[in-house]
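For reference, the structure discussed in these notes is given below.
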Amino acid sequence: MSKNNGRFAEYGGQYVPETLMGELNKLADVYEQAKQDPNFQTELHDLLNNYANRPSLLYYAKRMTEDLGGAQIYFKREDLNHTGAHKINNVIGQALLAKRMGKRRLIAETGAGQHGVATATIAALFGMDCEIFMGKEDTDRQRLNVYRMQLLGAKVHAVTSGSKVLKDAINAALQEFAARPDDTFYVMGSATGPHPYPTIVRDFQSVISQESKAQMQALTGKLPDKIIACVGGGSNAIGSFANYINDPSVELIGVEAAGKGVDTDLTAATIEKGRLGVFHGMKSLFLQNQMGQIKPVYSISAGLDYPGVGPEHAALAAAKRARYVGITDDEAVAAFEYIAKEEGIIAAIESCHAVAYVQKLAPTLSKDQTIICTLSGRGDKDVAAIAKYRGVDLNE
Ligand SMILES: *Cc1c(COP(=O)(O)O)cnc(C)c1O
């Protein structure tokens, strides 16, 4: 294992069968070498800039700033990336590692389909085989994304074990990885899972805060006061935080999906409501019942309804270096409508959880303070669901 042993305080680690351990340690070694290799960095940045459309804008939200009447609000526009979200940053990096390891077959899990689409996209670009594991419930709910992945040349497996959702898709992908490690690379979708994935995914997503820090410096000559990002598994948030963790004046705020409310069973607020456990190869916080079984999660946003959270977030919360708040479905939908009307941006419902917290926080701050909120993705995929939430039938 690498220097920190894959631990973030008491969280993280590598809780996997023996067969996988060797493969994960090989990946950790290859990643350590790649990090130091200028050729790897050049190829990574060439793809980020010329394929994924980086650097993403740091956009000053003038109308929202005036309307809310407090802190200056900036959005880090990951919604403008190719494939419409931050996920591509990580997938490009992991696919380059796969290439370096001589693997020709990418597998991945997906919930709503966003990570599956990003993986299928890069597999097409690299001429690799691609197989995506997706819960049967989700393949039924997200037929458009299933077809999109097929257009990109991927094979989509409908997973019928367990509750047939994201957590079951991750189990199936981990099993497939263990069964066929020779030619297969598992592209993990969030800053979760066994070591070295939480570190690798954080590093590939940290381009978000590397850019935002330089952009903020150019615009204001200062550090931002607050960073706000939504948290599912935690990849866009950890990438948004990474380059500020050692700047104590910058407050880091992660926004979880409270669903119908943190005190109901219909929630995905893992840090607020979760307990210590081991699942999907890592020690972290998970929503569990009395027996320690993983509880079903709920949120209006498919990208945030994961029953766990990446181990580095659990550690940042325990150390009080970051704080985590819950935003309900109702608040997120209102924010979806608000940012569309105020700024002309249709943002992903996941990202709108962060926007809703900006609406609460900005008016309590002074005009010389600044907030950077990450817009993790674009909201075209959510328009039909929001209409339905408001009782509008688009098929009439
Ligand atoms: C997948 C997704 C998320 C949640 O994943 P994280 O790993 O927590 O970033 C958030 N926003 C969008 C747009 C997504 O596609």
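Any Cβ shown, glycine's included, is placed from N, Cα and C.
Listed in TrEMBL for this protein:
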- 53-377: domain 'Tryptophan synthase beta chain-like PALP' (DOMAIN)
- K87: N6-(pyridoxal phosphate)lysine (MOD_RES)
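The average per-residue pLDDT of the prediction over the domain 'Tryptophan synthase beta chain-like PALP' (53-377) is 97, rounded to a whole number. Same-chain residues at least 6 positions away in sequence with a Cβ under 8 Å from that of the residue listed as 'N6-(pyridoxal phosphate)lysine' are, in sequence order, Q114, H115, A118, G189, S235, G377. Taken residue by residue with DSSP, K87 (N6-(pyridoxal phosphate)lysine) is part of a helix.
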